[in-house]
Amino acid sequence: MSSVSPIQIPSRLPLLLTHEGVLLPGSTMRTSVDSARNLQLVRSRLLKGTSLQSTILGVIPNTPDPASDAQDLPPLHRIGTAALAVQVVGSNWPKPHYTLLITGLCRFQIVQVLKEKPYPIAEVEQLDRLEEFPNTCKMREELGELSEQFYKYAVQLVEMLDMSVPAVAKLRRLLDSLPREALPDILTSIIRTSNKEKLQILDAVSLEERFKMTIPLLVRQIEGLKLLQKTRKPKQDDDKRVIAIRPIRRITHISGTLEDEDEDEDNDDIVMLEKKIRTSSMPEQAHKVCVKEIKRLKKMPQSMPEYALTRNYLELMVELPWNKSTTDRLDIRAARILLDNDHYAMEKLKKRVLEYLAVRQLKNNLKGPILCFVGPPGVGKTSVGRSVAKTLGREFHRIALGGVCDQSDIRGHRRTYVGSMPGRIINGLKTVGVNNPVFLLDEVDKLGKSLQGDPAAALLEVLDPEQNHNFTDHYLNVAFDLSQVLFIATANTTATIPAALLDRMEIIQVPGYTQEEKIEIAHRHLIPKQLEQHGLTPQQIQIPQVTTLDIITRYTREAGVRSLDRKLGAICRAVAVKVAEGQHKEAKLDRSDVTEREGCREHILEDEKPESISDTTDLALPPEMPILIDFHALKDILGPPMYEMEVSQRLSQPGVAIGLAWTPLGGEIMFVEASRMDGEGQLTLTGQLGDVMKESAHLAISWLRSNAKKYQLTNAFGSFDLLDNTDIHLHFPAGAVTKDGPSAGVTIVTCLASLFSGRLVRSDVAMTGEITLRGLVLPVGGIKDKVLAAHRAGLKQVIIPRRNEKDLEGIPGNVRQDLSFVTASCLDEVLNAAFDGGFTVKTRPGLLNSKL
């Protein structure tokens, strides 16, 4: 007797090619569709079809679809599964694709592929029919025994699970309600099997063969459950329910034939993770949190989104260096040598590092200081932080804070958010692997602020030695000790740093370099570095110190050495071109007449000194080594000089004075120009001035008007009222640059005094200081940078407030020798020093008055 399955499929089916899994009759699978042919199938057949027949597909397993429909169709698997598309979900991220929920109906065999584009369609033959066995009792008994044996193992497997779980109870009812012929396919799709084993079950057309192949799979799962029950400790009822819901996915098979290696490796990783938690040296609070999270992780299916989040959290917790630290090198003599070799000058900074080492020798549990290096760009603030770590023998990590405007970058995100991650502090500790590194917080003065919070406020806890031993990152949600971390912040100015944050840091000023210091730095560090980067040797290029001085004074004007480094790099590139061309010419000369070449070389070598690069421009022979970089070579390589000493030319008429200004880039000289014309007594100020500088200008003109008779200052009409029918225009050149601050007061007074007296201000004098309405000169900041700017500009005398005299101690000795300093407490002293011959009080012969 034979019977045919009631499921009838069309004789022609569109084919869905998949390699992610194997769909068996009676089971349901979710698959992603993103290849060209499969996308065409979904769009043309499923989304536009209106009949039930249009939703039936032929699913071909173990067959990847080519990415492009222009490629040939790969060899198709012989047996497939007719499936009903139950659900179609589309998405455009990260690329256009569909997710299909399909239910297997029956097996089929491909008879012939009818067409391949836009999607394959094949003529198929249905295979799932009830077979007619030979009419012998032996065969019937054999099939009956296989069926009973299969059913017995299936029931035994289900009864080992918790029947109170609805999913298990439903599976038990299915065993009693479904035909025995359908159970092998359904149970194979439920229990833990590999794709290869499912493919073998799919290819088993004979029902007897499917029974024989499925029974060993059931036995394996039963043995695995027994082993799990023996080795697993008693759990709470909730644990049993979770095991019962996903019983087969969690057991480890013992036959060794399972090829689902990803899940095995994942389970092994969880075991290793649990072992790391037990053996870690994290604090008790963190350990409790990890134990709680690992218990939750074991209960979760791997398909849950929270599974990956929890696992990432636990991996971070075991990787953090809770108690792992490096041993400090406390040899002060060796540290001094190392700092001197790495950096020239910076005596104040080196002194502070050596003091820290000395205190560490006396007290081992000293908390790390919070240092902040403040200075112009290019003076080596970042590199000196690396040298400090090298000196101490610690790990170094740099955190760039420029432009950071989200406090979560410091404190991390809470784990409730999608894509949450720890902050930069915790990430840095994970990277270095120790709990006492040197952290460089670069550009702390350029932190931003946004709706996501203020990162500067988040740094208050990090940079407070009294609080950072219990720093709590939002992602970790447990305290981490940062007290052993040596934090070094860098900034160009303290003006933009919040006061609360500034109060927590020890400020160390790193001023700009003098010309002599730049020359030493260039020949000790910059030139050797550039030679190495460009593949040159000292035997190929010679840069005298006088050439370096020319580069510093005529091609760069900065407090640091970055521009100097770039200019030296340009020189090395030009020399590299000459050297490479010379090698090419030598190769040509080797093939020419040797006698002629020797004669030419004797002619060229008449002068044995190193030749300049400009002398070798038109030679047919390779240049002689070393190539000398002189003034002419600089002009050929770098072009005409960018800066000239034009101070004396700009002070060739009255009404011009030189002031000194401080910027985040270092000190600068600043010209002040004044002119007068007939008018209505108005004061015009130009040059992008701030409110403070405008007030200084009004103060200056008021003081001069009140002392005009004393100094015999008159306007063009001979009146002591300087603004009577007279307009004054004050201009500060470099109008595109915003200027503000009180230190230009003395310069404005001197400029206006020169204008109304008709006398020239000395061209070699610069000045700085704040003024009052009574004519007092008040102290200002940035004296060292301002003095260095005057020295760079070639000036000879600097006028500063008397109360700033103490700041001259930080000026290098060679600069103090080149400059003379005048300390002034009032404007009378300033004017006397600014003009040749002084600016003494003038008196007119008094008129004889009589009462008669």
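Each Cβ is built from the backbone N, Cα and C atoms, and glycine gets one as well.
The N-acetylserine feature in Swiss-Prot is assigned to SER2; the stated evidence is a large-scale study or a structure entry. Under the heading domain 'Lon N-terminal', Swiss-Prot lists 13-222, citing sequence analysis as support. If you look up Swiss-Prot, you'll see GLY375, PRO376, PRO377, GLY378, VAL379, GLY380, LYS381, THR382 marked as ATP binding site. Swiss-Prot lists 651-837 with the feature domain 'Lon proteolytic', giving sequence analysis as the kind of evidence. According to Swiss-Prot, the feature active site maps to SER743, LYS786.
The structure, with features from Swiss-Prot marked on it.
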{"residue": "GLY375", "record": "ATP binding site", "CB count, 10 Å": "25"}
{"residue": "PRO376", "record": "ATP binding site", "CB count, 10 Å": "24"}
{"residue": "PRO377", "record": "ATP binding site", "CB count, 10 Å": "18"}
{"residue": "GLY378", "record": "ATP binding site", "CB count, 10 Å": "19"}
{"residue": "VAL379", "record": "ATP binding site", "CB count, 10 Å": "26"}
{"residue": "GLY380", "record": "ATP binding site", "CB count, 10 Å": "24"}
{"residue": "LYS381", "record": "ATP binding site", "CB count, 10 Å": "26"}
{"residue": "THR382", "record": "ATP binding site", "CB count, 10 Å": "16"}
{"residue": "SER743", "record": "active site", "CB count, 10 Å": "29"}
{"residue": "LYS786", "record": "active site", "CB count, 10 Å": "28"}
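Distance noted between the C-alpha atoms of PRO376 (ATP binding site) and SER743 (active site) is 19 Å.
Shown in sequence order, PHE373, THR490, ASN492, VAL510, ALA559, GLY560 are the same-chain residues outside GLY375, PRO376, PRO377, GLY378, VAL379, GLY380, LYS381, THR382 whose Cβ sits within 8 Å of the Cβ centre of the ATP site.
If you measure from the Cα atom of GLY375 (ATP binding site) to that of SER743 (active site), you get 19 Å. In this structure, the C-alpha atom of VAL379 (ATP binding site) lies 16 angstrom from that of LYS786 (active site). The average pLDDT for the domain 'Lon proteolytic' (651-837) in the predicted structure is 90.
Separation of the C-alpha atoms of SER743 (active site) and LYS786 (active site): 11 Å, rounded to the nearest whole number.
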